[in-house]
Amino acid sequence: MIKLGVLGLGTVGSGVYEIVKYRSDMLKKATGEDIEIAKILVRDSSKDRGLDVAEGVMTENPDDILDNPEIDIVVEVMGGIDKAYSYIVRALKAGKHVVTANKAVISLHMEELHKLAEENNCGLLYEASVAGGIPIIKNLKEILKINKVDDIKGILNGTTNFILTKMYDEDLSFEEALSLAHKYGYAEADPTDDVEGYDAARKISILASLAYGTHASIDDVLCYGITSIRTIDVVEFKKMGFVPKLLGCSTRRDNSFSAIVEPILVEENSMFASVKDAFNLVDVLGDNLGELEFYGKGAGKEPTGNAVVMDIIDIILKNYSEFKFEVDKSISSDKGNLFTGLHYLRVSVDREEDKAAVVEKLNASGVQCKYKELERDIIIVTERISSNRIEKLAKEDLGLAKKTFAYLRIESESLVSIDQLNI
């Protein structure tokens, strides 16, 4: 009998509970063990959650799980950072295996927690922390056995992909699309983590760390959200034949790596352009395998709960001993300098004199570009420059105030010069 202690009974926790309860025969066939959820930590044990939980299983005291010698695996699905981190540390120090869906904790403390797990001969698995039901971490570890992976990019956040899909396909404004995301349950009450790119940044941090053998911390990830994209931008994107997607990207060149989350313009016929609504797509480039793409649901009770339970199975089957994190100190972050491309830049102005001032500063910036003037906007396409340079162009060279501009890197294999674009 394998006993689980589950920290949290929200969306993911309830998904884990239902799979363990109602797929018990399948789990026994897969593991050779009976699996029981012995305790579940909740804030209010009297709350009706619509789940058939036996009396005495729910507790408001974490000690009932973390200090319980009968519990073999601690499943952390409570969210948050500080408490979740402290509970994971306690569990590992107590010799308990840990399965977590917590991307924030893993992205911040990956190196420390892996070391702690190894010292205590425990498994630490976190498949559900990235891309929900897509088994990207497990597959990435398999690929890395005989491949060098230099490039990863993906649609890693379902909320922003839903919003951008509605803006592009249905001509909704950002605010209208966000309201629809709230209505369908794709957006949190406070959507900041999603729309500003922080959620995707944590995920690409984890993938880059595993791929490059170094802790790519959140501070190493340049992060730009989608809140500045307006209806006028979408009109221009369509004219140029591009679709906006918020992508998390990482790349390595020699001993340097860059990681970034940013809205990118992809070609209309690309695989990324075809990914709609709340679905995710992760693209991995291995030197032997070439390009591999992983597609599926990136969030939700069932997909994410499934990822957690698959990790539980791997713990029981002892398929965790090779899942170690060894840090290569020779590899360092180069921020966004390794990402280059033509860039779309829209500047909104209220007065003609402001428009003239922007054009004058643009000409003095040293960045080659094409531009056209609209009634209240200037549409600019720059030469190939780095992600750092486009930020400097907008904020320093042009001196633009926040929310008066938007910029997106253009990703196209065939497009190498601004002379190829008509704007």
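A Cβ is built for glycine as well, from the same backbone N, Cα and C atoms used for every other residue.
Taken from TrEMBL, the feature NADP(+) binding site covers Leu7, Gly8, Leu9, Gly10, Thr11, Val12, Gly13, Ser14. When Cβ atoms from all protein chains are considered, those within 10 Å of Gly8 (NADP(+) binding site) total 23, not counting its own.
Sequence annotations record features per position, and here TrEMBL assigns domain 'Aspartate/homoserine dehydrogenase NAD-binding' to 8-127. Note on the domain 'Aspartate/homoserine dehydrogenase NAD-binding' (8-127): its mean pLDDT in the predicted model is 96.
For Lys103 (NADPH binding site), the same-chain residues that are 6 or more apart in sequence and have a Cβ closer than 8 Å to its Cβ are Tyr126, Ser129, Val130, Asp199, Arg202, Lys203, Ile206. Per TrEMBL, the feature NADPH binding site maps to Lys103.
Annotated domain 'Homoserine dehydrogenase catalytic' per TrEMBL: 135-313, in sequence order.
Residues or ranges marked as L-homoserine binding site by TrEMBL: Glu188. Sequence-distant neighbours of Glu188 (L-homoserine binding site): residues of the same chain at least 6 apart with a C-beta under 8 Å from its C-beta are Thr159, Asp194.
Residues annotated as active site, proton donor in TrEMBL: Lys203. Following the DSSP three-state reduction, the secondary structure of Lys203 (active site, proton donor) is helix.
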Subject >> Intrachain C-beta neighbours of Thr11 (NADP(+) binding site), sequence separation six or more, cut-off 8 angstroms >> reply: Gly300, Lys301, Thr304
**OP:** Excluding Leu7, Gly8, Leu9, Gly10, Thr11, Val12, Gly13, Ser14, please set out which residues of the same chain place their CB within 8 Å of the center of the CB atoms of the NADP(+) site, keeping sequence order.
**Re:** Val6, Gly15, Val16, Tyr17, Val77, Met78
Original post:
Where does Gly13 (NADP(+) binding site) sit by DSSP, helix, strand or coil?
Top reply: helix
Subject >> Chain-internal residues near Gly10 (NADP(+) binding site), provided their CB is under 8 angstroms and they sit 6+ positions away >> reply: Val77, Met78, Gly79
**OP:** Sort Glu188 (L-homoserine binding site) into helix, strand or coil using the DSSP assignment.
**Re:** coil
